[in-house]
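Summarising the annotation, Swiss-Prot assigns active site, proton acceptor to Glu89 and lists sequence analysis as the type of evidence. Per Swiss-Prot, the feature active site, S-methylcysteine intermediate maps to Cys333. Residues or ranges marked as [4Fe-4S] cluster binding site in Swiss-Prot: Cys109, Cys113, Cys116. The feature S-adenosyl-L-methionine binding site is assigned by Swiss-Prot to Gly159, Glu160, Ser191, Ser214, Leu215, His216, Asn290, with sequence analysis given as support. Per Swiss-Prot, the feature disulfide bond maps to Cys102-Cys333; the stated evidence is sequence analysis. Sequence annotations record features per position, and here Swiss-Prot assigns domain 'Radical SAM core' to 95-322.
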Amino acid sequence: MAASHALKPILELLPEELPGEGYRRAQIAHWLYAKGARDFSEMTDLPKALREALAREWRLSEFSLVQAFPSQDGSVKYLFTLLDGKKTEAVYMPYENRKTVCLSTMVGCPAGCTFCATGALGFGRNLTAAEILDQLLTIAYHQGLSPREIRNVVLMGMGEPLLNLRNVLKAVRIMLHKKALALSPRRVTLSTVGIPKGIYRLAEEDLGVRLALSLHAPDDETRRKIIPTAHRYPIAEIMEAVRHYHAKTKRRVTFEYTLLKGVNDHLWQARLLAKLLKGLSAHVNLIPFNPWEGAPVAGTPKAGVLAFAEELKRLGVPTSIRWSRGQDVGAACGQLALKVPRPLTLTPLPEGAGR
């Protein structure tokens, strides 16, 4: 058999593009996305000759190694080694009524946000659509789930999705496809630091997914201190694109705001944020800073987080606080940095997983 990297990635294909004739394509799609098959030999209702032909030409996995690090709160950080040796991460977050995965779209990230460990890594490369999808499929396999049991996807891991839009759109289309993962568009959230051109493009694609803007400051001066690349895209320009997205899709937009001590946590900044969002169907998601080794910033104390939230609510802005999950294994928001937690805690994968 050819080495994995020499084979073609079958996860790049929409169900109607899969190899085979007619109903054989539907069978393959069912094995991939409903049953979560990780080897063509598992597809027992396909003729043996077809299974062998598929295995000679296509690969099912984009990873050479998968490591899992469980948190005390039930979430699990996954560290994936890609076929070229580069690495990326994703997080599984089980809740009482839903199962969520946080997926990466890049190796590293070019945005360089000061509060984010991923940004400190710099940019490695874009992930392919297959590499984005396989994070979800591998997590489902490891958790003993059908891929279709994971009903919430947030593209909030490593990377800026709108700077890898071609691959992200392809992956999202497969997620939404009725013969693939069959996700509801409202269950898919794409997070961006604010790339106006990408937001307009996303609106025109009209996939109906949710948009989350990593704003982190209500004014350009403060935002440039937090996000080095913010000088390229003034807040006014970003907000114009966001308002267009809302008008086009009728989807409420989430604004993510990581609170940093003495930087963006003053109550006057809460009032300025409320003014900025006036007239827009918006929800503010306040994120307490999750510490990481070498971080140049500090988080706002809990009392300050609560006060900022109360001020926004007083001004009529729907607001919630995203308290951390997975912080003990470096899986919380802003902590993904390709680091193995200490002490090392490996969750064994089923035999053959990640191959």
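In case you wondered, yes, glycine gets a Cβ from its N, Cα and C as well.
Overlay of Swiss-Prot annotations on the structure.
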residue: Cys102; record: disulfide bond; DSSP class: strand
residue: Cys109; record: [4Fe-4S] cluster binding site; DSSP class: coil
residue: Gly159; record: S-adenosyl-L-methionine binding site; DSSP class: coil
residue: Ser191; record: S-adenosyl-L-methionine binding site; DSSP class: strand
residue: Ser214; record: S-adenosyl-L-methionine binding site; DSSP class: strand
residue: Asn290; record: S-adenosyl-L-methionine binding site; DSSP class: coil
Nearest of the recorded positions (Cys102, Cys109, Cys113, Cys116) to Ser191 (S-adenosyl-L-methionine binding site), judged by Cα-Cα distance: Cys102
Neighbouring C-beta atoms (10 Å sphere around the C-beta of Leu215 (S-adenosyl-L-methionine binding site)): 28
Cα within 10 Å of Glu89 (active site, proton acceptor) - qualifying recorded positions among Cys102, Cys113, Leu215, His216, Asn290: Cys102
Three-state secondary structure, which DSSP defines for Cys116 ([4Fe-4S] cluster binding site): coil
Whole-number Å value for how far Cys109 ([4Fe-4S] cluster binding site) lies from Gly159 (S-adenosyl-L-methionine binding site) (Cα to Cα): 4
C-alpha spacing of Glu160 (S-adenosyl-L-methionine binding site) relative to Cys109 ([4Fe-4S] cluster binding site), in angstrom: 6
Rounded distance in angstrom between the Cα atoms of Glu160 (S-adenosyl-L-methionine binding site) and Cys116 ([4Fe-4S] cluster binding site): 12
Inter-residue Cα distance where the pair is Cys102 (disulfide bond) and His216 (S-adenosyl-L-methionine binding site), in Å: 20
